[in-house]
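Chemist: Got a structure here, written out as structure tokens. Questions coming.
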Amino acid sequence: MSIWEVILAFVVVVLMLVALLANVLVLMCFLYSADIRKQVPGLFILNLTFCNLLMTVSNMPLTLAGIIYKSQPGGDQICHIVGFLETFLTTNSMLSMAALSIDRWIAVVFPLSYHSKMRYRDAALILSYTWLHSVSFPIVAASLSWVGFHHLYASCTLYNKRPEDRTQFVIFTGVFHTLSFLLSLIVLCFTYLKVLKVARFHCKRIDVITMQTLVLLVDIHPSVRERCLEEQKRRRQRATKKISTFIGTFILCFAPYVITRLVELSSVVHISSHWGIISKCLAYSKVVSDPFVYSLLRHQYRKTWKDIINKILKRSSINSSALASESHNRNISQLNE
């Protein structure tokens, strides 16, 4: 193995461990908190977490083996199953992010009618569509034998070995990425930019009220005035940062891999195997970032995780106290004897 391959293998191991830990934490918070389970977005986050966990335990280990051994890990049947899952899970994850953006758009733009427009039944229908949409492409690819081990990405993924099917495979790949990556990106941009517009409008209203209050309070201390203006600035930046994170991580993680897959269809451009694996690792990094972007950094999930830790520590403290008491009683009984 070259130094580049060692580095890439190490990166995949780190991504796999962090992704497994972070997504398990999200799943624990979902199972522990009844409030999270009651919320409609929790269904989308649960679906996204399921896709991320399955991607972590099925696709990433085989990619690691492909980097190390430079050949197909396992038999053809295993590779076909993993390639099928890779196409399904990637598409499902993208559509789940789009569904979360639609939920936020309805909640912010139509707050009074949110509970009537986004119910559990509506969320279940959206999830049904994402599964139907996601499973249709790998079924077509598997039926046409377009799934296999691709040395460029060291992964079991969409791959056409027959030159006579090249035109059909190019059309299929273009349609697949258009209806998965591009469609999800358009939905993300449309919904979150609408959310940002509403957030900025509300910030302007609050800023006007704040400035009017500061003008009326002539005797206010300069430090208090400074803190108000600083909070006003942070409020304007908060929504922009969040929405930039949602859209930015999606583009940064998926765009290099999708563009590489499309450029690869042209026989004119040569793509380095190192870049192919790097673009694949960037796509895997979305599995790592999703738990933090959509769940763990939110106040409700942080509070839930703190409650879980406190409960574990409290139980551990009770058990240790009970063991200490039992040991003390045993020592006394031995002395009496």
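Placement of Cβ uses the backbone N, Cα and C atoms for every residue, glycine included.
Residues or ranges marked as transmembrane segment in TrEMBL: 6-32, 44-69, 123-149, 169-195, 243-263. The domain 'G-protein coupled receptors family 1 profile' feature in TrEMBL is assigned to 22-294.
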Chemist: Do any residues of this chain, six or more beyond the ends of the transmembrane segment (243-263), have a C-beta under 8 angstroms from a C-beta of it, and if so which?
Modeler: 94, 97, 101, 158, 173-174, 177, 181, 184-185, 188-189, 192-193, 195-196, 269, 271, 275-276, 278-280, 282-283, 285-286, 289, 293
Chemist: Could you tell me the mean pLDDT over the domain 'G-protein coupled receptors family 1 profile' (22-294), as a whole number?
Modeler: 87
